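These notes concern the structure reproduced below.
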Amino acid sequence: MTDNTKKTPRTKPRFSATFDPFTISEIQRAAATGIYDIRGAGTKRKLPHFDDLLFLGASISRYPLEGYRERCDTDVVLGTRFAKKPIHLKTPVTIAGMSFGALSAQAKEALGRGASAVGTSTTTGDGGMTPEERGHSSTLVYQYLPSRYGMNPDDLRRADAIEVVVGQGAKPGGGGMLLGQKISSRVARMRDLPEGIDQRSACRHPDWTGPDDLEIKIEELREITAWEKPIYIKVGASRPYYDVSLAVKAGADVVVLDGMQGGTAATQEVFIEHVGLPILSAIRPAVQALQDLGMHRKVQLIVSGGIRSGADMAKALALGADAVAIGTAALIALGDQSPELADEYARLGTVPGAYDDWQDGRDPAGITTQDPELAARLDPILGGRRIANYLSVMTMEAQAIARACGKSHLHNLEPEDLVALTMEAAAMTRIPLAGTEWYPGRQGF
Amino acid sequence: MSNMQEIDLVRCTLREANSQLQGEDATGAWIIRNPQGRHALAVGLNAPIDVVIDGQAGYYAGGMNKHANITIEGNAGPGVAENMMSGSTHVRGNASMAAGATGHGGLLVIDGDAGARCGISMKGIEIVVRGSVGHMSAFMAQSGTLVICGDAGEALGDSLYEAKIFVRGEVRSLGADCEEKDMTADDLAHLRSLLDRAGVSEYPADSFRLYGSARRLYHFHVDNAAAY
Ligand SMILES: Cc1cc2nc3c(=O)[nH]c(=O)nc-3n(C[C@H](O)[C@H](O)[C@H](O)COP(=O)(O)O)c2cc1C
C-alpha cells in the first residue's frame, strides 16, 4: 500500500491577520457571555514609545560627567506656583494613584514604605485615604475624583497635595470600575456602597463641568486647605495641548498627563486598546502649551503611561517633563507576573507576563485583591524594600544617562540630547530622525 | 442679632473671611455681609457655629461643612453644601445645580427650587427641597434622603444605589433602575421628622411617594445592557 497523504502536499493551517486567534477568542467569549471584556493593566498593542528614541551621549562638542564622582542631582519641587507648602521629592519618579480596593492594604503599605524610603510620593485612588497609607507615606497625594468616595475635609487637610482627576490614560472619558469580588465590607464601607456590587464610578465630576467651573472648584479646595497644598490636575492624554492650557488657566500647580499605555485596575478592553494617545505623542504638545503660556517649569508636568526604567524617565524629562509616575511597573516590582507563580497563573488560565485579570480579585501575588488569604502573601516590608530598590535603580539609570550627556541635574536633559529611530517617533516628538536634522513637518514637509 | 460677629466682604478678602470661620475653636454666631455672589463662601467649616450669609452666594457655599449651621439669605450657586459632612445648610432662596452633591451627612434645606442634579452622588446627606428639582436629581445617589415637595425633572434617581427619594408632586420621568416603592411606617416616620426639622408643616407626609433602587444594575448582566 502506498501512503498518499505523504505525497500530496496539504495546505498548512493559516491564521488570518484580521481574524487572528485573539480576535476569534474575543468574538467567541462575547457571544457566550454577552458582556464586554473587563480587565486590568494597560494597552497591549505595540505603540510608538520611548524605545523609539535614543540619547546621543557626549562627544567632542559635549563632554560627559564622571560616572561616580561628579554630581548629578535628581531632586524636584512640585507645586511652586500657588501652594504655600510645595512638595520636595528626592527623585522625579512618583507612585501613581491606585486605590485601596483596587490594591490590597499590604500592597498600599509596601508602596508607601518603598516610596518614603527613597524620598518620593505615593497617591491615593478612587476609594479614599486609609489611615495605613497615610501612615506609611511620608508624602501622600490625595485624589479628588468624580466618585468622591470617602472624600472628606480632614483627609484633604491630612494630604500633602491634592490631585483633581479629570481622566486616566487607560480610559480618557471613562470612570472608575471595581467589580463585586473586590467590594469587601471594608471597601464597601469606605465608599458607602452595598457590599459585593459591581461599582461603576461616574466619569464626570458631579459639581463642575468645564474649565471655568474647575477654576472655581480649585479655589474652593484651596480655601478649605488654607492655600497650603499643591493642586495637581490629572488628565488622560487625548488633547494634551488644550488640556494642559486649560489646566493652567484653571489654576493647577502641577499637571499629570497619563498616556494610553497607563495601567488600570479594571476597564473595558475595547476602551484600553482604542481610546487615547500614546504618551510619546503627548509630551511635546503638553510642554509646548506650558512654554506658550510662559509656565514651563513653573507649573510642573508629571507624565506617566508605560514608564519602565530610568531610560524612559530620562527621555520623558528630556522632552520637558518635570517628573514621571509609575503604576504597572511598581506592581511588577512588588511581585506581579512573577515566574514563581506560574502554577497558580495556569489555574487562572494565564501565564507570568500576561496576567491582567486585576479586576478579578484572585491575584496570587496578593496585590490586586481584597481576599485576606491572598493579600497576606504580600509582605509589606519586603515589598517596600523591593519598591525602594526598583526606584533607586530607575534613578541611578537616569543619572547614568544624564552624566553621559554631561548634565549635572536630570532636569538639564533636553530635546537636543535625543534622536528618533522611526519616522513616527520623529513626527510625534519633533526629535530629528537619527543621522538627519529632519523630522516630519520640519521645513514644510 | 446684636451679638453676631460680623464679616464684611467689602472690607476683607475671602481668605480672611473663611479663615476666621474655619478654626476648630471658632464659636458663636457670625454674619457675612456683602457676599455679592462670591464663590467658596464659608467652606470647610469645622465647628458648631452659626453663620448667616446675608445675600446671594456663588458656587460651593458651605462646601465640606462639618458641624456648622449655615443660612444663606438669598439664592445659592452650583454645588451648595457639596460634600457636607454634618451640620446644616439652609438656603432661603433657590439653589442652582448639584445642590448637596456627594454630601456625607447633615441637613440641607432649600426653601425655593433646586436646579439639575440635586443630590447627585449623595452619600448620607438629607436634603429637603420645598420647591421642585431639575433633571437627573439623585443621579447615582448612594445613601441618604432627598425630599422634594414640588415636582422632579427628567431621569429622577438614575442609577440609584441605596438613597431614598420622597416626592410630593409630579415626576417627569424616572431614571434607569429607579422605581416607586411601598412606604413603610418607618419611612413615614423618617419623612415626618425630616419635614419637621426642615420647618415644612404645610404638607402631610402621606401626600408623598417613595422612590428607591430596583437594584437591577448592581451587577453587570447582558439583559440589562439597554439600561446602561
Ligand atoms: C491597579 C491600578 C489602579 C489604578 N487606580 C487608579 C485610580 O484610582 N485613580 C487614577 O487616577 N488612576 C488609577 N490608575 C492609573 C495610574 O494612576 C496611572 O495613571 C497609571 O498606572 C500609569 O501608567 P503605568 O501603569 O503604565 O505606569 C490605576 C492603575 C492601576 C495599575
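Even glycines carry a Cβ here, placed using N, Cα and C.
What TrEMBL says about a protein is an automatic prediction, not a curated fact.
Annotation comment: TrEMBL describes A:81-335 (among others) as domain 'Glutamate synthase'.
The compositional bias 'Low complexity' annotation in TrEMBL covers A:114-124. Sequence-distant contacts of the compositional bias 'Low complexity' (A:114-124) (same chain, at least 6 residues past either end, Cβ-Cβ under 8 Å): 87, 89-91, 93-100, 108, 133, 136-143, 159-161, 163, 325, 330, 333, 383-388, 390-392, 395.
Residue counts for the region 'Disordered' (A:114-136) under DSSP (helix as H, G, I; strand as E, B; rest coil) come to 11 helix, 4 strand, 8 coil. Taken from TrEMBL, the feature region 'Disordered' covers A:114-136.
Under 8 Å from some Cβ of the domain 'Glutamate synthase' (A:364-407) lie the Cβ atoms of residues 40, 55-58, 62-67, 70, 72, 74, 91, 93, 95, 101-107, 109-115, 117-118, 120, 136, 181-184, 186-187, 265, 309-311, 313-314, 317, 329-331, 333-338, 341, 344-345, 348, 358, 413, 417, all in the same chain and six or more residues away from its ends. Summarising the annotation, TrEMBL assigns domain 'Glutamate synthase' to A:364-407 (among others).
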**Request:** Mind looking up the mean pLDDT for the domain 'Glutamate synthase' (A:81-335) in the predicted model?
**Result:** 96
